[in-house]
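Enquirer: In case it's useful when we look at the structure, here is the feature table from TrEMBL:
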| type | residues | note |
| --- | --- | --- |
| TRANSMEM | A:15-36 | transmembrane segment |
| DOMAIN | A:75-288 | domain 'ABC transmembrane type-1' |
| TRANSMEM | A:79-100 | transmembrane segment |
| TRANSMEM | A:112-132 | transmembrane segment |
| TRANSMEM | A:161-186 | transmembrane segment |
| TRANSMEM | A:207-229 | transmembrane segment |
| TRANSMEM | A:267-289 | transmembrane segment |
């Protein structure tokens, strides 16, 4: 290092900061400024009726959402969706990953095939399943009618079936994601703890419960966190499959904010809702983060 | 020993094959429908054997202007990915190579932006873009997608940079390179496979994105997924055409994704597992 000229040493000191400027300025302009603008917006009543003038209402928009039944409905729908989709994806993904981590012939090829669903645009996935689940000409309903001999419900327009159907489609698209992350995690685990346990006479499920899963904990939490964040913001599937219906049964937070902002042009209220959603997301993630960092330190 | 192993393996294969049928069949069915005669899409009992027809593709390509929207998607995807990579390299360089003070905090802050739900920024960005007359332009989507992908991209590029032995850079400096030259001549070439993989991941996300595109574009800069929503007309849903267009949208991504699946996993997990 002593061969470096003093002038270039000084330059070196500043150089990384010059490099950081463009990304920081970019993020300030594209994220930080809009978020601050949105917070300001949340304090005003600004909608289609008085587009010209914004009326300052202080925390009025936030008070309004406390008594807004549609808002609470969308919170409930979003949590139900995110919690069920993420946990079903986790259990199915883990099951498949445990099976696929054995030494099986052709496993690489099979594993590659399993990756396909998550690469299809969610909007296309939604349209695809709407076709497959159609009551008159959907192939899934045909199978159900002819092999199970029961009459399937109208999946997307039945009030109690619409949300489970949406969750099912999320599970179809993202179980492969859980699978591939958990599989990568299992394969990177050291072999000797489970081998030692096997020699000591531990049974398969005991090894799984006492050795594999604890070692896999950080990976499991990252996978859960990523799926939770993404299922919590679901919009594309709602747009292409149910548009929030029937009777608000699939109205997620993202969809509700979209309606308030871009159908009713109630921008002030949409901004307030956005900040609440951001708050919920941040609290949820920081809690999970804490669990993750604790888990990683234990290792 | 061998026999018990066979007992374990047979059910494993059965489960895996059933799972694969479940995950692949819908895509097969959608693509197959795109090659069927239009009225067969509405047949009450599924049609397994059919004469391959390209009518749906002809309609979406020549009558519905799909190529125009695909070109929009290509422009937005390509330019936003390049912007993301340029900014990501800046982040990675100062944090992973130069190891500046507080670098890890900055990296964590950038990564935490991955958590911001798109609809939250969509409302203010829409209003700001409207005031700046940027609605329905490629530029606004390019900027927004660069933001959307930057957290994952910086994190990945950072992790690829951390794998580079810095002695090589030092040697180049000793030989008279400036630090910027060393970045271009030594570090970037060494990290190029990783940067390319990061680019593919960003491109897939940008190509598939729908929410921002739906809100921020109208009829000029519409990307292909937005154009697709016009096929569900009040008269009826044009399934054959939807799946012809849908196939053209999903097939390039599937091909690219399968080719780079190893990197895809690392990207999706934010490099948390260095596979």
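In case you wondered, yes, glycine gets a Cβ from its N, Cα and C as well.
Quick caveat, the model's predicted, so the values are computed rather than measured.
Quick one: how deep are these features, and who are their neighbours?
Expert: Within the same chain, residues 278 sit at least 6 positions outside the transmembrane segment (A:15-36) and bring their C-beta atoms closer than 8 Å to a C-beta of that stretch.
If one looks beyond the transmembrane segment (A:79-100) by at least 6 residues along the same chain, the residues whose Cβ comes under 8 Å of a Cβ in the stretch are 107, 110-111, 114, 163, 166-167, 170-171, 174-183, 185-186, 208, 220, 223-224, 227-228, 231-232, 234, 252.
Within its own chain, the transmembrane segment (A:112-132) is flanked in space by residues 96, 138-140, 156, 165, 169, 172-177, 179-180, 236-237, 239-241, which lie at least six positions past its ends and keep a Cβ under 8 Å from the stretch.
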